[in-house]
Amino acid sequence: MESKKMLRHRANAINSDRKAIDPLLRHSQIIEDIDDETKTTGIKTYFISRDKIKSYWAPVFLSFWILLYYGIAIPAFHQLPNSLSYQDEILHKDRFIAERAEVHLHKITEIGPRVVGSVENEVMTIAYLKEQFRKLKDEAKSFYKIEYDLQVASGSYIHWKMINSYQGVQNFIIKIGPKNTNSTSYLLVNSHFDSVPRGPGAGDDGVMVSVMLEVLRVLSQSPHHLNNPVIFLFNGAEENPLQGSHAFVTRHKWARHARALINLDSAGSGGREILFQSGPNHPWLMKLYKASVPHPFASTVAEEMFERHFIPSDTDFRIFRDYGKIPGLDMAHQYNGYVYHTRYDRPKIITRNTLQNTGDNVLALVRAIANSTELEDTEKFAAGHVVFYDIMGLFLVFYDESMGILLNIAVSLAAVAACICSTKVIASQVDLTVSELIKHITLTSGAQLLAVIVASVLCLLMALVLDGINVSMSWFTFSWLILGLYFCPSLFGMFIIPAMYFRFTRDVRLPIACRVKMLLNCHCILLVLITLTLTICHIRSAFVPMLSVLFYTISLIINLCTGFYKTSVVWMIPHTLVGIPPFLFFAYLSHGFFSTFIPMTGRFGDGVNPDLIIAAFTIVTSILIAGFTIPVFNLFKNPTAIAGVFFFINLLCIIFAVTPFAFPYTPETNVHRAAILNVRRTFRNEQNDIRRTETGYFMLPQDRRARSIIQKFGYTELAQSVKTDCDTEMLCGLPLYNHRWHKARNSGIWLPGPDPHFNQMPVLKMSTKNQLSKTKVRFNMTLTGPDHMGIFLRPINGGNISNWSFHETPLRMNWPSPYFIYFSYGIVTSPLEFYLDVENNLGNWSRSAFEIGIAAHWIHDDDFQTEDFKQFLASLPKYVDAIAWPASYDTWYF
């Protein structure tokens, strides 16, 4: 009887508070508790109305992040050290002096474009390097031995789907090391002094040559000894492409002693040099980079994008890695890629601070590697790939790939655990059954996933529409348009879907603050899945989403431990403060990639929609930067106004993009690249009688807007597609210059025009024809012509080429014909002699065995341009940078 009274008493005690059993009253009590909390601080008056933040604070919150981007992230990306001048040398005798390097840069570019085969490249630049060597040797410390070698080499190798054959290219090599050393472990430092046709080549790669000369001076006059010799390779044929490095690594006497590499190149003009390739499999190099370099700028993301050919470039690093098995570091300038490989790549746009930044880093790195114990036996320290990235240029983070995998998994598990704990806290605050809570979480996850999908679709749709109406690349000069054209639709999609979900599924038992917390947790789990997927695929760039997950998890733990998580608004303070570091890092990272890729789209060719690339970057950036920020706007009054702002800005930018004001090009700074050759084409039949001759201009589009530019030229009616020739003639019957032209040949444009002028037409002769067997004949051929030629080959009439004197890979790998051989020569101008073994199983030699086409290019002498050609080039708009020279194409049958 007594126990029944006690039970009744307890039941009455529990139910005596009506708010404990009425969910509406309980929700009211939560609000009252928050109101009581805010009354003491005055927050309610200025910030909060009931359980939401007053709407006029939304633009303040948005402006806060924008100010962080423009006030901290962008300046961090562009930061450069103060340069040192001749006057500073008195106090800094062992420092890199930027003004000295600048003098070298001006003198090298004053020589003019330095194209392989030209006097400027083969004679004048070599003479300048010899002069600098003499000065170095005269002023060097007595304990150093300094010597040089002028290499002249010939050879061939495979570059993509092209045989790259060269003759008589030159390398100027300086070796510095302690006298009487027994070391056979050398550090190799490489850059190239040749340039593209018509380009001064200040950024690519005059800057790096100048840096190397000044680093050499500092080392030779420094009282600090080097433990191991250092080879400075001044490469005379990189733009051909990569011939000089192949000549050195396969044929030079010092190459076999090279144990590590620092490769210096460029895809821009100015700014900081980025380390974008490391090793491979030699983490000790990154360890030394971290310990020695004063201005770090490096990214695993850039390395993996380069390895997967997202970047339309190649460097000597690949040649040293593949043919010499030399581990190293690949560094390049990438800022201001608008002038890369144009006539506007001039010294005046490269600041001394750029030279100082690169010089400080290279000098410190050379000393660190040359004096390291690892250099003596590099294979001993080969230990797998690494993950590396700099933090706002302040310091470098790096760890090996296995550590990265463990870190990604650990952070992901911690994030899942924190999200589970936060869900329990939310469950304790609301009066929902377990099944109801699971239902809300599931629907919220679906809403967030749908938001990401909608954001992606809106971005991609925008790219397709703009390209479809022929206004792609409107952001090429006005890069701020990307914010309105792509970021606004992306942010709109990420915001509007959850906002609509919250609006149409209201539940008074589940406050908006709890719903936003659940949404953030769902985004965290989405990033966890992305992180783990990338990790499973062995993509080291998985550290990027991992960092986003890490900082959100930290903010979640802080909120859970402090009890702020139970409030409706106060939890935003740790969430926002902890979100600042990842926001700055991702903003810094994304600004760097947009700065790099926007200019690159001007040389992707017309087969790629560059707006899709920008849209893809925008989607990734939005998920990383805005995924934990945009949901918070649902805590403000009138959140749909935020969506209206995004939509309005997007609409304004679309209107601007479709007007002539958004034309993508401007003279000298943001130019349109145009490859234009004045060509004579001659086609013969099997009797070698001329069946067709025509002259005109061959244009190969360099970007997506080429067709609209032709309209501006006023040549729309005359311009002809080459697709018909591509169906009937060998390799379209065009004088293709290199492997990129070979790949994009179908997009070429032919414009009938006047006959070009040549001083020396190519001469192809069959010196001998020997019957090796009943089914095999050897043809010995001799070719003379200008210093840049292409050889196109295809067997006909049932035959096939079984052997030749060119590189054996295409035949060994059974590549389909026609074959493309790129041939150039430098200082050695003797005829090219080669042989072909043609096999015909029927033994029928009454008809021709093969067709051969010769493309000849006169790329470095403006005197060969006719007045008609010069007038044609002068008639082009001022914003056009024409890569132009006369060329010929002839076919023969043998």
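Cβ coordinates are placed from backbone N, Cα and C, and glycine is handled just like the others.
Annotations in TrEMBL come from automatic prediction, not curation.
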Which one of 381-402, 579-600 shows up in TrEMBL as transmembrane segment? 579-600
Under 8 Å between C-beta atoms and at least six residues away from its ends: which parts of the chain pack against the transmembrane segment (579-600)? 65, 68-69, 72-74, 76-77, 267-268, 274, 299, 301-302, 311-312, 334-338, 340, 389, 391-392, 475-476, 479, 482, 544, 547-548, 550-552, 555, 613-614, 617, 621, 624-625, 628-629, 670
Answer yes if the transmembrane segment (447-466) and the transmembrane segment (612-636) have at least three CB pairs under 8 Å among residue pairs 6 or more apart in sequence, and no otherwise. yes
How about the transmembrane segment (549-573) with the transmembrane segment (406-427) - do they touch, taking at least 3 C-beta pairs under 8 Å (6 or more apart in sequence) as contact? yes
Under 8 Å Cβ-Cβ from the transmembrane segment (56-77), and at least six residues away from its ends along the same chain, one finds 47, 392-393, 580, 583-584, 587-588, 591-592, 595, 629, 632-633, 636, 639, 641-642, 645
Per the Cβ filter (under 8 Å) with a sequence gap of at least 6 from its ends, the transmembrane segment (642-663) is approached by 58-59, 62, 466, 469, 471, 474-475, 477-478, 481, 483-485, 488-489, 491-492, 495-496, 499, 633, 636
